[in-house]
Each structure stands twice: as C-alpha cells, then as structure tokens.
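Heads up: the structure comes next, in structure tokens.
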C-alpha cells in the first residue's frame, strides 16, 4: 500500500474512531444528566432503568441472532447452488483469501432490483447475498469489487458495531417514553420536560449512528479498492450501473444492508460517474441516509485509485 492510500485509510479510521469516542462521551454525559435528574426530582426508579436496559439488550441480541433468517425471508435469499453458481462462489473464496478471512456463504436473492449485501450472526454465520439482477448487469471484475466491499463489512464486524452503538439511542428513547409514567406525580412537569429532552437526545444520537454507518460504508469501499486489483475503478462502474438500472431500495431498516440505496435517472455509466465527480454535495445531502452520497463515494475511490 503506497503512502497516499495509507493516509486516506488512516483519515477514515480517525474520523470513525473520533465519532465512536464522541458517542461514548455523549452517552456517558446523558447518563450523568439522567442520574442528576433522578437524584433531584426522583423521576425514575433504578429498577425500571435496569429493566429497560435488559429488555432492549435482549431484543437487540435476539434480532442479531435470528436477523439473517429474517433477511433471507424478506429478500427471498437461498444458498447458492454450486452447480449453477460455482464461478461466483469461486470469486467469493478468492476475495476472502485476499482479505485473510474464511469465505462467507453465498446466497442468491430473488428480488427485482440489482444489489448486494453482507449479514451475519453467531448462529447463522457469515453470509453474502447477491440479487439475481445484479449478476445480469455487472461483469466479473465489477462483481469481484462489490464482493470486496461486502467482505470488508464482514472483516470489520460492521453488523456487530452498528448493533452495539444503535443500542444507545434506543435505550434513551425508551427511558424517555417510560419517564412519563414512572415519575413521582408531584414532579409531573419535570418528568415531561426530561422526557422531551431525552427524545431530542435520542434523535441526535440516531443522526450520529447514521454518520458512523456512512463511515463504515466508506471503509468498506476502501477495503475493496485496496485489496482487489483495480478495485476502485470497478467499484465505481458497479455503483453507477446499480444506480442507473434503478435500485428500488429505500431508507428502511433493512436498507442499511445494501451496497447502494439511491434512485436516480437512467444515464450512461461513464456520464453518471463524471457527473458525480463534479457534483456539489451539501452537508445535508446524506444526513439522514446510512450510505454516503454516490458523489462522495466516487471521489474517495478516485483518491484511492490515484494512490494505488
């Protein structure tokens, strides 16, 4: 890896680490504020706080454990038949070897839009799903780059990271909701104010979690660019093709799994890439998205391509 590529990757890591530290500090500050409110106003019971924490944790763990099976049902994904998809399985094994991890299991998703996603759990193991339309629009090199992106998610344990930090806004929201009913009636006004403050804090935490997710996507893009031969360029054309052929995935809870979640007009692939290179993208362009704006992804890949 040449120095410039190392610098680009180090910058992404530093931003991600800084944001995670910020989340931790903010979470600690929220707990301190809540403890002070409890001490001054007696708004909350420690037993209820513990109960809410255990309930949310159990719900998240259950979702993590059985999530892949739910994803398989929603996206109609089935384990790839080696006799039919042996060449794709071979690419997955090749890319996994380049990344130094055990090959994940390949699944084929029978949905109408082109995309790919990685998912895992301690029970289901590591999986990569590719939708059938994606196989029809990407060449082998582009498919290899997309798989490099998805394996990057698995290598960096992104599902576990997002699940862990996603606990914070969920917990704060439940604390806010139950504060309205668990406080001393003499402090009803204080309870309402505290609940509203906590709901705002929960919303802000969700924005931060989305930001972390966008950085994980950039990190996965960098993984493909730096571990797959000509990965940056092939990932650019793959992204453009996916958008050009109309990904219908929206910003839903499941869309965080996907390689891309933007709908745009049909344009020539190269024209679209050039458009993204020069597009002015504001800070609010992807504030509520779990994926970076395509223009940001293309520019990052340009930097990685130039430095490789």
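In case you wondered, yes, glycine gets a Cβ from its N, Cα and C as well.
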For the Zn(2+) site that Swiss-Prot gives as 149, 153, the extra residue out of 217, 270 is 217
Transmembrane segment per Swiss-Prot, picked from 98-118, 119-139, 161-181, is residues 161-181
Transmembrane segment per Swiss-Prot, picked from 192-212, 234-254, is residues 192-212
Students should find that the Cβ of residue 149 (Zn(2+) binding site) has, within 10 Å, a number of other Cβ atoms equal to 29
Students should find that the Cα atoms of residue 150 (active site) and residue 217 (Zn(2+) binding site) sit apart, in Å rounded to an integer, by 9
